[in-house]
Amino acid sequence: PFCSSLTGIMLLEVFLVLGAVIIYFLLYKKKEETLPFKEGWWGKGQKPDTEEDTTIWPFKVETTEEELSDLFRRLDQARFTEPLENSCFHYGTNSVYLRKVVSYWKNQFNWKKQVEVLNKYPQFKTKIQGIDIHFVHVKPPRLPEGQSAKPLLMVHGWPGSFYEFYKIIPLLTDPASHGLSDEHIFEVICPSIPGYGFSEAPHKKDFNSVSAASIFYELMLRLGFNKFYAQGGDWGWLICTNLAQIAPNHMKGLHLNLASVTNMGFIHLLSILLGRYLPGLFGFQDEDVRRMFPFLEKGLYRILLESGYAHIQATKPDTVGCALNDSPVGLAAYILEKFSTWTDLEFHNLEDGGLERKFNLDDLLTNIMIYWVSGCIVSSMRFYKENLQKGIGTQKHERLTVQVPTGIASFPNEVMHTPRAWAQKKYTNIVSFHFMPRGGHFAALEEPELLAEDILQFVGKVEKEQLWRKT
């Protein structure tokens, strides 16, 4: 009897310990896998004691003759540097082509007309955490009977703006009119990241991607959206990823056209060394191998060659920003180079940087003008310092996974390729991963149809299987 009772006590202890471990693990896991909401105050001075005004008011882009005359004066006084012979875009924006852009800017580009284009979609502002947040909010023109619009938050990056989404918005809000399935129709919300475009810049240090995600979470709730989808590339990738970590129960699905993985482990490094020879062992597909290897050329060398701007912006953004904010031609050179290189790295072999192969000058200059008239280039670049000053892989959100249903559109000319095998270590619920047939970093502007189709098929999968309920 003594032995049996002792055995019973031991078994009870074992079950109690196991139970405690399971409870602890579940609680700990839940706690760890949710990123804390970042409650900040980014306005000037001290936070007032009064409740924040939650009013949403209409906004329109406006221009004045003084603004235009100042711009033209600066364009007229531009000093160009003669490029090296046969240098094309290898040294950055070629000033022979830049002269043509400036000539078009002065003589043909119609900013007043482009302001009307910007204002064709309803825009608003609202104050969140002490700063005015600008956003575009487009509702569907029509809805099939019995169908409701799905809220979709779309977040841009640098050096883009909310304008990047102007070509894709009608494909998502009115797909049937553009030859797409109307099974899923969206209500699209495109905010400007604080410090970009017409969103007020933070007045205090440490405003990073988690801060932006927290503000956009508040924005969606303020608009009455308890459940929504999110889409992003560039900084929009990280902001939407953070939002999925902060509010997984509110996000039905996350769609990305960039899915960088910053927390690299031993297996990642091993796959870089051996993945070309043993792709199956590391879960690589043929297309992964084609895009990634030889890694020295397509990975390491490419990072070194194309990340100079990030080093400047992550350390001393205000220094170079001072020059860019004072010269529209300098600003254009700085931004256009990214639209060339990040659209196709081979474009640096062309005298015009291949810019007009994929975009038109009106669109490129409209984006530049958003930076110019808002004076936001410095604050937009500070976002790099706030996100990178503590180092890569050191922040909590980088260590946490994302359980929200995720769709990834992998464009072939993206600066760096992330294979699904790497992405799924971070995004544990990938329901859609597609190698896109063409396109680069600015997918929404360059290939709006391809991106819209991928978003629609991803949401179709999530809705059909109600995947958000299973996370």
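Heads up, the Cβ atoms here are built off N, Cα and C, so glycines get one too.
Cβ neighbour count for Asp234 (active site, nucleophile) (all protein chains, 10 Å cutoff from its Cβ): 22. What TrEMBL records for Asp234 is active site, nucleophile.
DSSP assigns Tyr384 (active site, proton donor) to a helix in the three-state reduction. Among the features that TrEMBL reports, active site, proton donor is placed at Tyr384.
Feature annotation from TrEMBL assigns active site, proton acceptor to His441. Within 10 Å of the C-beta atom of His441 (active site, proton acceptor) sit 23 other C-beta atoms, taking all shown protein chains into account.
In the predicted model, the domain 'Epoxide hydrolase N-terminal' (58-165) has a mean pLDDT of 97. Taken from TrEMBL, the feature domain 'Epoxide hydrolase N-terminal' covers 58-165.
As annotated by TrEMBL, transmembrane segment applies to 6-28 (among others).
Among the features that TrEMBL reports, transmembrane segment is placed at 256-278 (among others).
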- Note on the structure: Other same-chain positions with a Cβ less than 8 Å from the transmembrane segment (256-278) and lying at least 6 residues past its termini are 231-234, 237-238, 240-241, 284, 288-289, 292-295, 299, 392-393, 398-399, 406-411, 414, 416, 418, 421-423, 425-427, 441, 443-444, 451
- Item | Neighbour tally for Tyr384 (active site, proton donor), based on other Cβ positions within 10 Å of its Cβ | 20
- Item | Euclidean distance between Cα atoms of His441 (active site, proton acceptor) and Tyr384 (active site, proton donor), Å | 18
- What counts of helix, strand and coil residues does DSSP assign across the domain 'Epoxide hydrolase N-terminal' (58-165)? 37 helix, 22 strand, 49 coil
